[in-house]
Amino acid sequence: MGRGKIEIKRIENANSRQVTFSKRRSGLLKKARELSVLCDAEVAVIVFSKSGKLFEYSSTGMKQTLSRYGNHQSSSASKAEEDCAEVDILKDQLSKLQEKHLQLQGKGLNPLTFKELQSLEQQLYHALITVRERKERLLTNQLEESRLKEQRAELENETLRRQVQELRSFLPSFTHYVPSYIKCFAIDPKNALINHDSKCSLQNTDSDTTLQLGLPGEAHDRRTNEGERESPSSDSVTTNTSSETAERGDQSSLANSPPEAKRQRFSV
């Protein structure tokens with residue numbers, strides 16, 4: 001069975017406390033010796049008992065170890081002092097930089113002398129020149145980039161135009177032309193043979209058909225009466241009909257004749 005966990009507290013029994021001290025002291029010195037041998041470390045152990053008895057162990061010598069320990073402590077203290085001094089210097093520099101920053105912004109100028117103000121003015125002037133030069137360089141670079149982009153765009157447009165021209169050369173050209181089997185002759189409306197009114201008049205005189213409603217006897221009597229009424233003007237009707245027939249013949253001959261014959265006839 002394993003050893004039980006021992007509660008870490010002061011042992012009240014003096015005999016038990018002395019026995020435990022002797023065992024733990026021997027173990028501690030043994031562990032220190034092993035540590036110095038195994039790890040090549042400089043180890044020193046100092047133990048005082050309840051009664052004031054001294055027990056010690058040192059791998060290289062107690063005085064040498066204690067001297068080294070003292071030097072280390074003094075160096076640590078001096079290093080701490082150096083660190084504190086460096087912190088103070090950095091704080092002072094930070095405050096000066098903050099004050100300088102405010103002065104560059106035009107604030108806190110009252111404590112400055114005339115020479116300090118002149119120096120500040122020179123600093124601002126040189127800073128302004130540097131800013132302007134940097135600004136001009138940036139604008140020049142942007143202008144150059146814009147020109148390069150413009151040249152690229154022009155080259156792309158030229159390439160696209162050439163491609164379009166090449167495509168048009170491959171496609172047939174469509175032109176509006178009049179077929180050879182259609183012939184058109186321009187005629188002046190003033191010299192037209194038949195106008196709209198004459199056409200209507202001819203169409204109206206093509207037929208003479210009437211429709212009469214009534215009983216057979218009444219229709220026969222009406223026809224007889226109408227024949228007697230129209231008999232006196234038969235000669236005039238015949239004359240009008242013959243004149244209209246002659247006009248129709250002349251118009252048909254003119255319509256079928258070539259344009260040169262039409263012009264000659266109109267000129268005569």
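Yeah, the Cβs are placed from backbone N, Cα and C, and that goes for glycine too.
Features reported for this protein in Swiss-Prot:
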{"type": "DOMAIN", "residues": "1-61", "note": "domain 'MADS-box'"}
{"type": "DOMAIN", "residues": "80-170", "note": "domain 'K-box'"}
{"type": "REGION", "residues": "205-268", "note": "region 'Disordered'"}
{"type": "COMPBIAS", "residues": "218-232", "note": "compositional bias 'Basic and acidic residues'"}
{"type": "COMPBIAS", "residues": "233-244", "note": "compositional bias 'Polar residues'"}
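Per DSSP, the domain 'MADS-box' (1-61) is made up of 26 helix, 10 strand, 25 coil. Model confidence over the domain 'K-box' (80-170) stands at 90, taken as the mean pLDDT rounded to a whole number.
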